[in-house]
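Take a look at the structure set out below.
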Amino acid sequence: MTDRCLASINAALTDSDPAIAGLIDQERQRQETHLELIASENFTSQAVMQAQGSVLTNKYAEGLPHKRYYGGCEHVDAIEELAIERARRLFGAAWANVQPHSGAQANFAVFLALLQPGDTIMGMDLSHGGHLTHGSPVNVSGKWFKVVHYGVEPDSQQLDMEAVRQLALKERPQLIICGYSAYPRTIDFAAFRSIADEVGAYLLADMAHIAGLVAAGVHPSPIAHCDVVTTTTHKTLRGPRGGLILCRDADFGRKFDKAVFPGSQGGPLEHVIAAKAVALGEALQPEFHAYSCQVVANAQVLAGRIQERGIAVVSGGTDNHLVLLDLRSIGMTGKVADLLVSDVNITANKNTVPFDPESPFVTSGLRLGTAALTTRGFDEEAFREVADVIADRLLKPQDESIKAQCLERVRQLCGRFPLYRGSL
């Protein structure tokens, strides 16, 4: 029995579970042969994946470093402390908690620490670029709290901060949320701070989409202006899938330690925390600044070329990694566009646009992001080609010869910019 147990834990995945091994290999091939334009996705380094797939997955470590409920935590303590130190240094924060399993968990911990059921929260409408956890009725944030939503202006499709201020003065929320999932413009955190102070509200920045750009100094930082900041550690930060909470005030930050554990989670995922530490270390390197600048430059080229081809872009452009196509300009739905680009090995997602007449299951938009392909080495010239492939496919959806040409151009682009060199 002992020999059989040892054999099972030392067997390679291809031997112990060929079905899963085969599916993982198929996914690896898909990533290598498709153009990944989902704005919330990126490609981590092999070092990040090695940390996440390590023996740390075996270790339980409830509590904080040096305050655990389990023994044998001396090494995971050191790893978690390193992740915390790197997060604080990268973002200029006084306090950090690296344990949240996701961005949604990080947001929930903030609500648990600062609010009572029935309190009023104010965030951007989901259809205008907000997030489910910012008060959507299908999310716990929309069930536990009174929710007031702000949105963009119809003409500019950008935020009008005076309109946000007037809404806050009227509703007097306990918490204001800024930071979005489909807003392509720079966020004025200082203006939000002024509004929050005027109405006596806490200010939460959910910078999940722009964290990498903030870390690199390519987008203004919310740290100095907000009471608390949450983020994911993937997307533009290019780490593992997970969450992070940051504060400018260490004493205030300790509220969230208790809200994470034992308030909303049990044992932290120390293998993921190790991977977060690796990614945060990578983001502290000069190369990450160059990468983030390229992400924005590529997005602006993508938005510009798409518009040149006659397809409207929400707000007329972008300041970050996001480009949101308004397909009403060509009489197409997001659902159809998503299927069309998928047929030529381009991965994106249908998305609502401001004042969308379609349902969230159909939508009038297609959301694109440049972070993942920039990781592969795509530059402005390559993204101009990507824009043309997308436009050709959407503008002539019935033309099979155009479809075949698009598939070949995608194949050539993937060949020019290989993903992972060496075996995984």
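Cβ from N, Cα, C; glycine included.
Since the structure is predicted, the reported quantities are computational estimates derived from the model, not experimental observations.
The (6S)-5,6,7,8-tetrahydrofolate binding site annotation in Swiss-Prot covers Leu126, Gly130, His131, Leu132, Ser359, Pro360, Phe361 and rests on sequence analysis. Per Swiss-Prot, site 'Plays an important role in substrate specificity' is recorded for His234. Here Swiss-Prot flags Lys235 as N6-(pyridoxal phosphate)lysine.
Separation of the C-alpha atoms of the residue listed as 'N6-(pyridoxal phosphate)lysine' and Gly130 ((6S)-5,6,7,8-tetrahydrofolate binding site): 16 Å, rounded to the nearest whole number.
Taking the C-alpha positions, the distance from Leu132 ((6S)-5,6,7,8-tetrahydrofolate binding site) to His234 (site 'Plays an important role in substrate specificity') comes to 18 Å. Around the Cβ of Phe361 ((6S)-5,6,7,8-tetrahydrofolate binding site), the same chain contributes Lys335, each under 8 angstroms and 6 or more positions distant in sequence.
Sequence-distant contacts (6 or more apart, same chain, Cβ under 8 Å) of Gly130 ((6S)-5,6,7,8-tetrahydrofolate binding site) comprise Gly123, Met124, Ser136, His149, Tyr180, Ser181. Take the CB of Leu132 ((6S)-5,6,7,8-tetrahydrofolate binding site) and look out to 10 A: across all protein chains shown you find 16 other CB atoms.
The Cβ of Lys235 (N6-(pyridoxal phosphate)lysine) has 27 other Cβ atoms within 10 Å, all protein chains considered. Neighbour list (His234 (site 'Plays an important role in substrate specificity'), Cβ cut-off 8 Å, at least 6 residues apart, same chain): Ser40, Glu41, Asn42, Thr44, Pro240, Arg241, Gly242. Within the set of binding-site residues (Leu126, Ser359, Pro360), the lowest number of other Cβ atoms found within 10 Å of a Cβ is recorded at Ser359.
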